[in-house]
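Feature annotation from TrEMBL assigns repeat 'WD' to 59-103, 104-137, 146-187, 188-229, 388-428, 569-610, 611-652, 653-685. Marked as region 'Disordered' by TrEMBL: 714-734, 911-938. The coiled coil annotation in TrEMBL covers 743-770. Under the heading domain 'Small-subunit processome Utp12', TrEMBL lists 788-889. Positions annotated as compositional bias 'Basic and acidic residues' by TrEMBL: 911-925. Summarising the annotation, TrEMBL assigns compositional bias 'Basic residues' to 926-938.
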């Protein structure tokens with residue numbers, strides 16, 4: 001009988017606040033900050049410091065890492081949040097429920113830029129494949145692909161109410177696209193290096209772009225009133241000037257605030273420059289003051305020159321009366337934000353700032369932290385910080401207590417205690433660089449550090465009670481000593497260190513203090529001297545043997561009571577980094593930097609099997625209690641489940657985005673916890689679903705075959721040598737497994753419907769000839785549908801984003817069959833849009849064959865008349881509904897409370913105008929003079 005195992009599946013991921021690869025932005029309401037957390041998103045409530053909504057994909061993989069996020073400026077569209085992932089897919093999310101509304105496939109490599117149009121109904125995405133794709137958010141389908149850039153697209157901006165799109169790239173060029181005609185209007189050069197970011201203000205006066213150059217480039221945007229100026233016929237952008245930057249690092253992000261009065265330039269370092277954008281009146285006043293100072297300097301020079309007998313030409317009078325406004329007159333450096341760590345991304349809050357502040361700015365740091373600052377004219381002050389929910393660096397060890405209700409994790413400067421069921425952080429204790437850890441009951445914990453100290457932590461109070469100088473080198477292992485009855489950690493523990501020592505420790509009596517608090521103390525009772533650095537230590541469950549892994553690639557086993565040598569396990573080509581002994585003491589497994597697992601017998605030390613386990617170093621291995629099943633983790637980012645008796649791989653668990661350093665297994669084996677270099681902690685739960693070894697082997701072979709197929713059919717990155725045509729347009733989607741499956745489903749449905757029609761015609765013919773025939777038995781596969789409705793149901797079930805690629809894969813014979821059903825489908829009002837889309841794709845694809853096929857001419861003539869009428873009816877219906885909604889809007893505006901509906905906005909405008917007047921120094925002086933005159937007259 002084939003043996004069945006129980007499957008483990010991902011259950012919970014926690015510990016990551018913000019990924020350094022992703023940007024941050026606010027949701028449409030402006031209350032929550034969106035941050036990418038590896039393969040998922042989190043919406044953070046900054047005031048409470050808690051995640052409000054989590055956006056998680058159905059599957060977990062490193063290829064789904066979030067690279068960019070965008071939120072819609074309009075909350076009218078349900079899918080108001082978009083995320084771009086490492087595999088090139090775009091996901092649309094519901095901001096309220098966190099549900100994934102659609103997954104759009106079009107890019108061949110990682111998405112690098114996202115931007116919603118002002119209406120929120122169109123989304124633009126840029127990628128490392130050098131293409132820009134426009135998506136219809138409502139229809140959840142691609143519109144068209146724009147080709148022209150020769151390197152990664154880094155940022156996107158909409159202009160002219162979404163009619164134009166501006167894209168920048170690492171190829172040092174900015175391109176302006178007309179979305180109505182789908183062609184490139186303008187190519188803007190001037191940057192001497194890669195362009196990394198750009199943004200436009202809300203009034204569309206200026207576009208600011210940043211690169212590795214030591215200055216920002218500012219472009220004026222063409223307005224309708226500037227037709228008579230010295231603009232070229234097709235130019236949309238015109239260079240206005242350059243702003244010197246404060247940092248020498250490259251620009252990472254450029255963003256305007258909501259009203260366009262501030263612009264932040266974040267460098268790829270620890271600083272962000274914040275500039276004030278003056279309006280036209282203030283800029284002209286500043287230009288006049290500049291020209292006045294220039295005139296004074298010129299007059300002073302002329303007086304000196306007259307004294308020397310030389311003549312200097314005076315400045316033209318028109319320049320002094322109507323000075324030209326330069327970029328330095330408009331953009332003024334306001335503040336420089338200096339963070340404690342490297343800044344990854346910045347975002348202005350779209351909501352109203354607190355009283356006395358100009359704006360609220362949120363940043364993400366590369367140490368897994370989110371910070372929010374208030375910006376005013378005098379300083380930048382921190383308001384909120386989110387850092388408790390994750391470690392600042394990678395996680396080096398994880399351990400569970402005896403009851404499996406507390407989880408401890410260590411990193412370079414802190415120990416955190418978690419609830420493994422919910423992922424909530426219960427305690428954070430400052431510590432040294434923890435490499436290993438263990439619980440002592442439920443009250444205390446032990447941490448071995450890189451500096452060789454042993455730290456004792458009181459979990460209840462969340463404090464570090466004692467630091468013991470235990471070793472001269474880093475402590476690599478802490479292993480509790482079990483009793484003969486199997487009670488873990490009751491007698492003491494063992495530490496192994498790089499100073500060649502294995503030390504045995506015992507717990508002393510708990511000392512009581514005046515406040516009835518207790519403290520744990522430990523004493524070194526024995527020391528085992530080794531000849532090499534100790535990398536790992538393991539003790540058999542009955543406490544009979546102790547195994548020590550050394551730097552010389554060998555494992556030595558000693559008797560626990562006498563410390564006499566028992567066995568030497570040799571065979572690894574590189575040092576053994578981890579090992580574990582089964583609960584019955586029969587097997588010991590060792591994992592090494594040579595990527596192999598070796599299973600040994602504890603009775604004679606013979607090697608039962610050597611398994612090539614991981615594609616990189618094996619970092620940790622553990623047996624499941626009371627079984628010979630084991631889990632291993634490695635630098636190849638995977639977790640693997642093994643049967644040590646059959647030497648078979650049972651399951652490969654993927655999800656981590658970096659090296660997996662450690663794992664721990666619950667006492668019942670119902671879940672495991674892993675810690676990784678990506679700062680995440682993942683819990684994998686055992687389910688009731690059974691798995692079989694042969695089935696898993698077949699699945700792995702299929703996945704390998706499909707991956708090879710994808711690599712053969714499509715290149716991974718954009719072809720830089722063979723550049724695309726200037727401003728060319730392409731199909732937005734791409735061929736995927738889903739599109740191939742959808743095409744097969746359509747062809748199967750067409751064949752089934754054709755067979756059913758033949759059976760129906762034959763049955764009618766028999767009924768006419770015989771006068772009476774048996775009752776017709778329909779095909780069960782068609783589920784009671786007619787042939788036409790059955791094909792329509794199959795086509796309608798295909799995702800809108802996959803429909804075009806599925807239709808492109810159809811041969812001409814099947815395309816002709818499908819077009820024969822369009823006439824009948826057009827009579828269904830809700831399917832007119834689908835019919836038009838199918839007809840358009842098939843016409844564009846098979847145009848030459850359709851025009852030369854006599855049987856298709858009559859079909860095309862009928863479709864031309866029918867579809868035109870049906871589309872006109874739908875258009876009239878939509879127009880009638882829009883007119884009705886406008887009428888309802890007018891009725892609501894006529895209500896008694898209507899005059900106050902814009903009161904808040906008008907009040908904010910008045911306050912903003914008053915604040916601007918108070919900021920003007922000349923205005924204050926004029927008011928003072930008026931008051932003095934008034935007091936003198938009285």
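The chain as shown is numbered from 1 upward.
Here the Cβ of each residue, glycine as well, is placed from N, Cα and C on the backbone.
Where the annotation comes from TrEMBL, it is an automatic prediction and has not been curated.
Helix, strand and coil counts under DSSP for the repeat 'WD' (653-685) come to 0 helix, 19 strand, 14 coil. The repeat 'WD' (388-428) shares the most Cβ pairs under 8 Å with 653-685, out of the stretches 59-103, 146-187, 188-229, 569-610, 653-685.
Proximity of distant same-chain residues to the repeat 'WD' (59-103), defined by a Cβ-Cβ separation under 8 Å and at least 6 residues beyond the stretch ends, is recorded for 10, 13, 19, 21-29, 34-41, 43, 53, 109-116, 118-121, 123, 125, 127, 129, 135, 137-138, 140, 350, 637, 654-657, 734, 799-801. Same-chain neighbours of the repeat 'WD' (188-229): 151, 154-155, 157, 159-160, 166, 168-176, 235-245, 248, 250-256, 258-260, 263, 265, 277, 327, 330-331, counting only residues six or more beyond its ends whose CB sits under 8 Å from a CB of the stretch.
Packing against the repeat 'WD' (653-685) from elsewhere in the chain are residues 8-16, 37-39, 60-62, 65, 368, 390-391, 393-400, 402, 404, 407, 409, 418, 420, 423, 616, 619-620, 622-627, 629, 631, 633-635, 637-641: each is 6 or more residues past its ends and has a CB under 8 Å from a CB in it.
Long-range contacts of the repeat 'WD' (569-610) within the same chain, counting only residues at least 6 positions beyond its ends with a Cβ under 8 Å from a Cβ of the stretch, are 535-536, 538-542, 544-545, 547, 549-557, 616-623, 625-628, 630, 632, 634, 642, 644, 647. Summed and averaged per residue, pLDDT over the repeat 'WD' (388-428) gives 94.
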